[in-house]
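A short write-up of the structure that comes next.
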């Protein structure tokens with residue numbers, strides 16, 4: 001079953017084409033890695049789908065429904081969640097309050113009977129290492145990323161976008177993230193992750209999408225894309 | 001600084017009181033305010049006038065904090081909105097002979113419409129830009145009140161009927177105290193509901209709030225509408241208390257007065273400004289009356305105090321209270337503050 005499909009998705013900022021006619025699909029259960037050099041347009045691509053920065057042209061289909069240009073709050077209710085590259089907390093809220101926002105407002109009425117309990121479960125699920133009443137502004141990056149993930153999961157997503165969840169993590173934290181990713185995937189949530197850490201990508205992703213200068217240069221099974229000469233060239237530059 | 005006011009911890013002391021945002025210390029404050037006009041020296045009429053003015057600023061600061069402390073947009077036109085409500089009520093009373101008691105609510109409704117409009121127009125703007133927009137609205141309103149002389153008599157001032165036909169200040173004092181409590185309770189109940197969480201989320205991180213499923217349009221507009229409605233009613237009170245309304249009431253310095261009180265009281269607490277307003281306004285009035293040969297000095301002191309608080313104690317009085325009194329080791333203090 002196709003979860004998400006984009007057709008010729010394009011995002012222009014004035015004269016700059018940040019994402020250029022990218023078409024891709026995500027199937028149920030996929031963990032897709034979105035890779036590409038810095039400034040390739042990965043985050044812009046994700047923003048265009050999730051509604052933070054609506055696309056200039058092209059089409060987004062989410063579970064067979066045209067969702068092009070919907071707002072983030074509408075996409076959230078349809079089952080698309082995301083985390084942010086720079087962890088994006090509510091600084092003056094406690095951890096549990098932050099998760100409760102998504103748990104209360106991200107679900108259809110009546111889905112979550114007890115938002116406090118539900119948020120607690122989400123914090124446990126992502127193995128949040130701190131007390132639930134700690135203020136977000138007191139957390140470090142690793143903790144914030146966990147919190148951001150718990151918030152994203154609290155709205156019962158069917159598809160989860162993770163923007164550089166693993167950047168800046170230590171070896172041990174990386175294996176924690178892999179375990180949590182596995183748990184998320186086993187809940188039946190499809191994942192699109194922007195990532196630079198090849199170790200993580202090779203371990204968890206079943207498919208890869210590589211973007212360079214806003215244009216898709218490869219899409220397919222992980223090994224195939226990783227060995228694609230165009231991808232290697234995009235990352236390492238050409239010999240000439 | 002909502003360090004202790006988490007949604008999940010139900011208030012231990014009296015669920016009903018907790019719901020409307022009162023703890024024993026708050027109740028004591030209310031009793032104190034109620035008794036104040038009979039305690040010397042406050043039983044003198046001129047001090048009573050100060051008290052009324054302080055309570056007026058306190059109430060405005062609650063409504064102001066409802067916007068600035070939650071959705072994080074500083075409504076620089078707040079005094080102008082209050083004045084707009086005041087003029088509405090005053091003009092109705094003068095031209096159509098409508099009782100001020102009805103007029104102030106029509107003024108509130110009219111200000112609510114204005115708040116709705118400001119809220120809608122400023123939707124696409126964030127932070128300082130939305131603040132500027134509300135400021136321009138305020139300036140425009142004040143300009144209108146000054147220039148539409150045929151309607152408002154401009155700087156000459158519009159004579160308005162007073163709400164009580166008496167020389168005494170006491171009925172006005174109790175009226176504004178009731179308005180203060182009502183305003184606080186209404187705002188507190190709203191922010192204690194789910195809406196409060198949405199306000200805070202929008203104010204603290206718009207993108208994360210939206211991706212969490214919060215529709216900023218509704219909550220921002222609702223917030224603006226309610227806070228402006230409250231300002232409108234208060235403006236009506238102001239006009240019908242002093243018996244004269246000049247465009248001066250809509251001036252930005254009035255907003256700054258409210259802002260200073262709200263910020264020194266503690267952003268996002270609602271009650272902080274209400275408590276701080278009384279000593280603050282008294283201090284200002286004393287300075288104004290004793291140093292009358294140095295006009296404007298009180299404004300310099302506002303600015304200084306505001307800057308000092310913003311730099312060294314951004315949490316304001318409510319933060320100080322939460323940390324040093326509410327969570328103090330002293331058992332009595334903890335019981336008094338509902339944290340036993």
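Using the three backbone atoms N, Cα and C, a Cβ is placed for every residue, glycine included.
Feature annotations, courtesy of TrEMBL:
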TRANSMEM  B:20-39  transmembrane segment
TRANSMEM  B:51-78  transmembrane segment
TRANSMEM  B:98-121  transmembrane segment
TRANSMEM  B:128-150  transmembrane segment
TRANSMEM  B:170-191  transmembrane segment
TRANSMEM  B:217-238  transmembrane segment
TRANSMEM  B:258-284  transmembrane segment
TRANSMEM  B:296-313  transmembrane segment
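When each of the listed stretches B:51-78, B:98-121, B:217-238 is scored by C-beta pairs under 8 angstroms to the transmembrane segment (B:20-39), B:51-78 comes out highest.
Note on the transmembrane segment (B:98-121): residues 75, 77, 81-82, 84-90, 92, 133-134, 137, 160-163, 220-233, 235-237, 240 of its chain, located 6 or more positions outside it, place their CB under 8 angstroms from a CB of the stretch. Among B:51-78, B:170-191, B:258-284, B:51-78 has the largest number of CB pairs under 8 A with the transmembrane segment (B:217-238). Outside the transmembrane segment (B:170-191) by six or more residues, the chain places 19-21, 30, 33-34, 37, 48, 51-52, 55-56, 58-59, 62-63, 65-66, 70, 163-164, 199, 226-227, 230, 233-234, 237, 241, 270-271, 274 with a CB less than 8 A from a CB of the stretch.
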